[in-house]
Amino acid sequence: MSDSSISVALLSYETLVHALAGAMGSVTAMTVFFPLDTARIRLQVDENRKSQSTPIILAEIAKEEGILSLYRGWFPVISSLCCSNFVYFYTFNTLKRVMVSDRPKPATDLLMGFISGAVNVLLTTPMWVVNTRLKLQGAKFRNEDLHQTHYKGIFDAFSQIISGEGVGALWNGTLPSLVLVFNPAVQFMFYEAMKRRAGRGGKKISSLEIFLIGAVAKAVATSATYPLQTVQAILRFGQYKSDGKGGLVGSLRNVVSLLMDRIKRHGLLGLYKGLEAKLLQTVLTAALMFVVYEKITAATFKLMGLQRKLQH
């Protein structure tokens, strides 16, 4: 792997197209299914809210806080998601151009997914911490120990968190997030493998097939990593009382403590509270995202091909 090949991959127009298409696909899909994410994060953070069917949770939130509350925090979430998916798709497709030979392998896809996920987590976690806070601001909690925050927007939230909790608070939940790179890594491994199988012999893959492949890949990845996603949401919200020890050991203790406390209070099934809403939201979102992503990249590359043809 030469420096020149890495530079070419990083500066590739095709890599940029993949990154922009991935960002646009995720923004479109998340906007369509955003209320499902609202239900999911309430169930994860507010322990005293009963875990009911997703439609009932959504109806409760809308009745108590107004219909627009289902889209509370939309802009910061969409901004974070756009940046996050741009970074992920850009890194993944850069690695794909450098690492993948004529015969791609699932193990290579998994490794590229892990690396892309780690880069994404380290660069974008502060944005996700802020949007988690904004998404829950004004929520009516069943758990009285949770207190309301008063942020005036994205920049004010950044400012208050830094001044009140320190810069390090912007990376709350980084450890479970790094472990959770397993989620998109497994998702992309399954997605790439199933897409290759569906497209054998030069067969054109339909939008419905892409939708189903994306849905299956995300369902497998989400089910495997959901307990850590719950811990991640609690830590990002910033109201978990830790033992005060920092560093890697402190972070590990917080993660283990949260997992054990959830099991003690609600049993093993408590680790999967909100899974229905999460599966519904992430599976549908991922499936739609891949459809939009594939359509944008195909249309762009077709246009590029026409332009090249005209130039010669």
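Any Cβ shown, glycine's included, is placed from N, Cα and C.
No curator has checked TrEMBL annotations; they are predicted automatically.
Going by TrEMBL, these are the annotated features:
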type	residues	note
REPEAT	13-98	repeat 'Solcar'
REPEAT	104-197	repeat 'Solcar'
REPEAT	205-299	repeat 'Solcar'
TRANSMEM	16-36	transmembrane segment
TRANSMEM	73-90	transmembrane segment
TRANSMEM	110-130	transmembrane segment
TRANSMEM	205-226	transmembrane segment
TRANSMEM	279-301	transmembrane segment
Helix, strand and coil counts within the repeat 'Solcar' (13-98) (DSSP): 74 helix, 0 strand, 12 coil
Composition by DSSP (helix, strand, coil) of residues within the repeat 'Solcar' (205-299): 81 helix, 0 strand, 14 coil
Helix, strand and coil residues within the repeat 'Solcar' (104-197) as assigned by DSSP: 70 helix, 0 strand, 24 coil
Tertiary contacts of the transmembrane segment (205-226) (same chain, 6+ residues out, Cβ under 8 Å): 179-180, 182-188, 190-191, 194-195, 198-199, 271-272, 275, 278-279, 282-291, 294-295
